[in-house]
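Features reported for this protein in TrEMBL:
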- GLU39, ALA40, VAL239, GLU427: FAD binding site (BINDING)
- PHE344: substrate binding site (BINDING)
- 19-450: domain 'Amine oxidase' (DOMAIN)
Amino acid sequence: MAADGDRQASEVIIVGAGLAGLTAARKLHGEGVDVVVLEAQDRVGGRTYSKALSDGYVIDLGGQWVGPTQDRVIALADELNIERFTQFDTGRKSMSIGGEISTYKHTIPSLPIWSLVDLQWVIMKVDRLAKKVPLDRPFSAKKAREWDAMTVETWKQNNVRTAKARTAFDFAVRAIFAAEPNEVSFLHFLFYVRSGGGFMRLASIPEGAQQERFVGGAQQLSDVMADELGDRVRLEHPVRAIEQDDDGVTVRTDAATFRAARVIVAIPPTLCGRIDYTPELPARRDQLTQRMPMGSVIKCIAAYKRPFWRDAGYSGEMLADTGAIQLGFDDCSHDGSHAALVGFMLGENAREWTARPEDARRQAVLAEFARFFGSEALSPVEYAEKDWLAEPWSRGCYVGFMPPGVHTTIGDALRAPVGRIHWAGTETATQWNGYMDGAIESGERAAGEVAAGL
């Protein structure tokens, strides 16, 4: 990298060393472009975060699963020789409504017949409406303004007739967005459903978004790409300011100043708004960064001596409308040598629990596992969690979403470059928005834009 006075010069600067930023950097570097990646944290990976427990078993406290049609992330994993394995899904699944636990065998919970018919009709209707939303321009759908004027909750109240079908629908919305149905635009919901290939694909394990995991954790994808880029990746370099002029961009961090022809900002929209820009961002883009909140999630993992729930005939999958966690899965290793359960605090529940001590969360999570799978769940060999709301470099997880009124007023600013500034991140993806696959798509797109402008 060349020096320019007290500035470090390259052709392209990438802000953020998650999957989007590293994909963009890798693509450009492979085309002979001089790049530097500036990452605020002391690690790469962004919203993927793999951590080794004391016995060496690597767990995922961030993004974890992949599935069919997520072609980009699967191709990248194959290229990097990162092995995948099938998410355990054998046995009875558990659901708690109003504190009453029931079990079921298939993807859709067991419900009274009219509630089941109601829910299946709703799923078909959602998929039918979602097909009417253009993935590249959701705001151009024929009924975009009507759908963007309401929340998912409003649509649910008007279309889902039975109480238990409404509860099951709420389960899915919280699991997919880590947000409440009354927070998400119905137009954004339809876009997201189509982006992921349909309601059931988003919600399912077999043939769905939760079908497979990575041996050794999902963060490896970023770790290996960063290793390839070497000292072009700068950790603990939070970007504070971006200045652009007719000749290029100047990017300022706490540690150094960098100069380049163009910059790709590959972080969530809400974090984009925390950077100082000269000249200031156009009003529409600036407003967008203020109006795309992150989901709210605390991910909790308990490791055990053995998978006692499997022995009792349970799959480990659980849903609940009350209690500390709303969603859970078996989280054992690929070879069964390490046993674990993972649970999620989601939406408003996560916002309540983030204010409480970690030990209180731990006790509550273990009590929920015990309620579903027996008292042995109270005695893990280790417990780990990640409160994504407390993470300053994401401010939530899984993904930034659009409340009502955003798509149809300023949604066109989401991907549009601002001079020499280009935008990446899974929120900008058209396919598998919100997922690792979407992050990779966004990095490829932004790299293509930049390459065309050099």
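Yeah, the Cβs are placed from backbone N, Cα and C, and that goes for glycine too.
Listed binding-site residues: ALA40, VAL239; maximum Cβ neighbour count within 10 Å falls on VAL239. Annotation for GLU427 (FAD binding site): same-chain Cβ neighbours under 8 Å, separated by at least 6 residues, are PRO268, PRO269, MET292, VAL399, GLY400, LEU414, ASN433, GLY434, SER442. Taking the binding-site residues GLU39, PHE344 in turn, the residue surrounded by the fewest other Cβ atoms inside 10 Å of its Cβ turns out to be PHE344. If you take the Cα of PHE344 (substrate binding site) and the Cα of ALA40 (FAD binding site), they are about 26 angstrom apart, rounded to a whole number. Here FAD is bound by GLU39, ALA40, VAL239, GLU427 per the record. The longest Cα to Cα distance in that group is 20 Å.
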